[in-house]
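According to TrEMBL, the feature domain 'Pop1 N-terminal' maps to B:25-97, B:107-173. Among the features that TrEMBL reports, region 'Disordered' is placed at B:77-104. Under the heading compositional bias 'Basic residues', TrEMBL lists B:89-101. Residues annotated as domain 'POPLD' in TrEMBL: B:470-558. According to TrEMBL, the feature domain 'POP1 C-terminal' maps to B:607-775.
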Amino acid sequence: MAEENNSQKREEFKKKHKRIPNKNYAVKKRLPLRPVDGENVIFITKKTNFKAQLEKCCDLLTKGEKEIILHGLGAAIQRCCNLALQLEILFSGTCQLEVNTGTVDLVDDLEPLIDDLDFGTQVRHTSSVHIRVFRSAMLGANQ
Amino acid sequence: METTEFDATIGGEVHLPNSVNSLQFATSRSVEIAAMTESILNPSKTKLIFQCLPVHMRRRVMSHNCKRLPRRLREGHLEQLKKSGLPPKQKRPPRKYRRRPGNLLEEYNRRQMQNIWLETHIWHAKRFHMTKRWGHRIAYAPCDKAFRACYRASSAHCLIQDISYYTSIQITGPTDIIKSLFSSITSPCCGLGICAKAYINGIREGSIHLYKANSFPLGYIGKIQFIWIQSEDTNKTLFLFVHPSQAKQVSTILKEILNGDNNTDIYEHCEKRRKLTNNYLEKIQIKIIPGRFNRFRLTGPNSHAILARSLKCVENIEKLKSSKWTSIVDVNKLHLTEKFEYWKMISNAHAPSQLPPSIVIGLIVKDPRLSRPSHRTKAKSDSHEIINTECLLTTPKTVSYSPLWDTNIQEIITKEKMNNSDYIKHVTKNQLVPGEVFEDDPALQCIPVVLIQRPGSQVSNFKKIGYGSGWDVIIPSGYGIQFWQTFIMFGARSGGLRETESLAFEMGECYLPPDSDAGQEEERRIYLELEDKYFKRPPSKRVNFIKLGINSPFICHWKLLLKDWCNVENRNFDNFFVLRDRELLVKFQDCISRKQELPQIECAEECLVAVYIRIANKGFLKKHALICLPENGDSTNNMLVEPRHDDQNEKLRKEKRLEHKTNMKRLRRKRIKLKKKATTAILKPQKRKLEPSEYVKSMRDLWLPVDVKSVRRTCSRQIMGYLTQAAFSFLEARSCGIGYVTYNALNTLLKCGYNEILVRNTTSRKYRLATLQVIQ
């Protein structure tokens, strides 16, 4: 029974929040707002090679950076977590993680496809993850 | 009687007369006297003029420098020099002389006669390779090797380009009449119209595809940008920004419509049309004003920080009073505080792509020289405040208005400009603490500028979001170099025309498409350039394109390609077009991803489709590469190679060369014989002609046959189209290209159930697999 209820609810939810492609507007995305940037801040993306980003993080940590901050947004959250866990394994015991989650507001532009309409905007929300990777012991760091 | 004076034994007796008869004396010497007077009156002709001058008037190296002669003798002197065969060669004046300000300016003015210079020309000429293009002298690429650096600037920092060569056209008139003016030269299928609600309030810049009158889809001219000027009047003003390669065409077409020169229309509409044209003439004014604005293009996320640092907005009216141009403006219309607040609010943004797309902001800023750092620094948005989402969603309408569009104001601003030397004098005189600059200096006027946002890539499945985003800054004429230097000092990297091309390529945009006149001209230019380069190589170092099965390596024969793919025999193709119908392009992309047949369209035979090509595995794409139709099993076979074609011209070339050699030898022998026979009549060696000789021409024909009759089935795989731009794309991290394929070819490809294609470079026999995407 409970399962049925759940599925029903889900369907209802889908009906309510179904994204209908509007013929009058085209949705164009803007760049999401960034948290504070810096040398030790890495934004994990779906497009960038996983291995490359992992190596970049390793490099930063071995070169004496005390902490690095990984940011992941939406579909890249999984990658971000994976990367942090990989780092933890690689620096076994010498580095720790601190995970924060949050929500980021994204702005979409609605570009009109017909002459009688003006531009519009909509705000979406996406979940985000911010992982702080910090060294607990400086073993093996070439300083 | 007569005494003997001489020794008679030696000379005998000589009698000297006691008196001399003068007359007799003179007559006996008359011949000598005549000769003497003759030589006095007509000095000997072997001497040159300057040799005849009295000693005190003689100067060193007179013969070389005619300016050392008295002026009345110069002409004769030059005549003499010409006769003697020595060309009067003037020495180049010394650098010191040439660098004197007056002389320098004169020289610059002379050089500007043929090609228009931009305001930043001299800055660029010191650092860039300059080219002549579209009647302008344009910076092509920086002298330092900066190709990758410029890409990096555009993706992570800030790239700045001077695009002041864009011609602005001002159109004034009621909206509905402007709409009807543009109705015949645009099409609603290609996107929003010129009078769309989104643009007409003047908040956003729009772009539109222009065609020749009543000839859509043929007769493409180009894509132009436009801005409506905010005003309450019924007569509205519209500014078009046209690329210089299309400027002439656009202006003539607008004028033609104004004057109603279209005789091709049906007679029934004649009366109506006449009324309309009368309407046009009375109510619409079109002004073509090249070079009235400076337009700088800043690309990259950092461009926002640079603008935020270098443009200091004026807060209130009090500070504006010193500027002369404010006397003719309604000061309340300027909305200074609103602008100041808005600019302050959005200056925290990290990148221009976070802001509303193609928004227009009219700012009134302080003189840019005041905010210039003392040495080159990199502006970065280092504020830790996160920008409010609210202010990104809404833009106040008053922000877009700018007094810059008014001609009178602009003229005053240009006139009242304080030039650099005066500025330095002023600053050094008035500053109390050295190094400190008083920012609200009343001596320097405030300047209205207009900022236009460019959204860059907005679709995440095509290109990285926000790539190519930036600002266009429009600056009144006269202030170009001042603003330019400030932007440079804040860390913008300057680029040229090469960067425009590479940016268009990275963004996946069609740069000068082949169905426009400008595109064809560009193709022709590239063809001549490449051909010239090819024939400068020695024959042993030339690629033999015949053996590779490529009949036109330097130019794409679109018309032939379309003819070959046409199902109807013997159709004449005078014209063709690139598909720009937005809905159809979306459908096409769908069809490609689903491997479905394409929907039917009108004039499919003349239709090209712009495609973006990414190489699948290995390989490097180059310009003019062939896009080929794969056959069964090609997608798995990565060793697919074009079989070697045999070159029938090779034998002919050898024969011809041999013949030519013997001929030359014969001629040489003849010449030597002639020389020996008559030493006096030596023929002067004739000057080298620019035109190549008959032999060279025929040899070139044998290397690259000119009369190409068919292109589709020249290789083992059928040719669908060509790449017009191709290189390694840093953004995609693989080799990519922009090309065009014919509609029929694309349809055949999808009918066979493929959505991948084969690509072959002109210099290689190897086919590479690549994916295909429609450019929208």
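Each residue, glycine too, has its Cβ placed from N, Cα and C.
Whatever TrEMBL says is automated annotation, not expert-curated.
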Folded-back contacts onto the compositional bias 'Basic residues' (B:89-101), same chain, C-beta under 8 angstroms, at least six residues removed: 64-65, 107
The domain 'Pop1 N-terminal' (B:25-97) [mean pLDDT, rounded to integer]: 81
Composition by DSSP (helix, strand, coil) of residues within the domain 'Pop1 N-terminal' (B:107-173): 22 helix, 26 strand, 19 coil
Composition by DSSP (helix, strand, coil) of residues within the region 'Disordered' (B:77-104): 16 helix, 0 strand, 12 coil
Helix-strand-coil residue split for the domain 'POPLD' (B:470-558), DSSP-based: 45 helix, 10 strand, 34 coil
